[in-house]
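Right, one structure below, let's go through it.
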Amino acid sequence: MNALYSALGTILPFSWLEPAFMKNALLAVLVAAPLFGMLGSVVVSNQMAFFSDAIGHSALTGIALGVIIGIREPMVTMVAFSLLLAFAIIIVKTKGKSSADTIIGVFSSTSVALGIVLLSATGNFAKYQRYLVGDILSIRPEEILHLLVALILLVISFVALYNKMLLTNLHTTFARSRGIKTLAVETAFALLTAAIVTISIRWTGLLVINSLLVLPAASSRLVSRNARTYIALSVAISLVSCVTGLALSWYMGSASGATIVIVNAAAFALCLVLGTVRK
């Protein structure tokens, strides 16, 4: 890591990168930004923004269950509960008669309320409030490795599932006629989204995690002419916004996750203007 820190200091000789924790944060951002950009492009294309938001809010219940069971590492129960919730949403959406938004809304509101009730009843709500806003400045080298593994898994899944997921979303019946197991594809992507969103919450915060997924892709969609450009630009916007937001948070003394979202929102406004002008 020392060699990597030295290289960062040489390539980017800025005062905000002098502390070791800022170098860790930058490395995390460089890994997480492509993660958000790629995953967000599918989330936006498949109109799953509300789904990822529901998964983010379910983190409180995952934490509460960990406290009750006695598991010291909240991430274990957070991921487990988010995967269970994602699977339940897909099954109920497939079998039920209600709209997807209604089903997701029911699960989302119930899970966040349950989490607040359980944490407050056990007297642990204040202890875990940091998960609301996150703290990427506290990330450790081994946790950056976890993000890197998640990125690798996402790239593999992207290559394997993207076209199938896109076709399933456009026309489910046609996708089935082409031999695509639509339920399996939807479930696999939902579980992948749930895992990545939950893993990222500790550093980004559950209040803004969905914005980090949706805004870069939404911005890219306004100015892109094809799928390849859409994905590439989504990753690029995510990278630029994350690095810029991290640097600004250092100088402003503000929360990093929220500052990154503000920069992403500015990028969306710019793309909105550019998209309007091009029309």
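Along the chain as shown, the residues are counted starting at 1.
Positions of Cβ are set from backbone N, Cα and C atoms, glycine also.
Where the annotation comes from TrEMBL, it is an automatic prediction and has not been curated.
Within the same chain, residues 4-5, 8-9, 12, 49, 51-52, 136-141, 143-144, 147-148, 150-151, 154-155, 158, 162, 165, 189, 192-193, 196, 200, 203-204, 212-218, 220, 230-231, 234-239, 241-243, 246, 250, 256 sit at least 6 positions outside the transmembrane segment (20-43) and bring their C-beta atoms closer than 8 Å to a C-beta of that stretch. If you look up TrEMBL, you'll see 20-43 (among others) marked as transmembrane segment.
Per TrEMBL, transmembrane segment is recorded for 50-69 (among others). Within its own chain, the transmembrane segment (50-69) has Cβ neighbours under 8 Å at 43, 76-82, 85-86, 89, 100-101, 104-105, 107-108, 111-112, 114-116, 118-119, 122, 124, 128, 131, 190, 193-194, 197-198, 201, 206, 209-210, 213-214, counting only residues six or more beyond its boundaries.
Taken from TrEMBL, the feature transmembrane segment covers 75-92 (among others). Long-range Cβ contacts of the transmembrane segment (75-92) within its own chain (Cβ-Cβ under 8 Å, at least 6 residues beyond either end) map to 51, 54-55, 58-59, 61-63, 65-66, 69, 103-104, 107, 111, 183, 186-187, 190-191, 193-195, 197-199, 201-202.
The annotation transmembrane segment is assigned in TrEMBL to 104-124 (among others).
Residues 24, 27-28, 31-32, 34-35, 38-39, 42, 185, 188-189, 192, 195-196, 199-200 of the same chain, all 6+ positions outside the transmembrane segment (144-162), place their C-beta atoms under 8 angstroms from a C-beta of that stretch. Residues or ranges marked as transmembrane segment by TrEMBL: 144-162 (among others).
TrEMBL lists 183-201 (among others) with the feature transmembrane segment.
Feature annotation from TrEMBL assigns transmembrane segment to 207-223 (among others). Same-chain residues lying 6+ beyond the ends of the transmembrane segment (207-223) with a Cβ under 8 Å from its Cβ atoms: 36-37, 39-41, 43-45, 49, 52-53, 56, 132-134, 197, 200-201, 229-231, 233-235, 237-238, 241-242, 257-258, 260-261, 264-265, 267-268, 270-272, 274-275, 278.
The transmembrane segment annotation in TrEMBL covers 230-252 (among others).
Same-chain residues lying 6+ beyond the ends of the transmembrane segment (258-277) with a Cβ under 8 Å from its Cβ atoms: 133, 204-205, 207-208, 211-212, 215-216, 218-220, 222-223, 237-238, 240-242, 244-246, 248-249, 252. As annotated by TrEMBL, transmembrane segment applies to 258-277 (among others).
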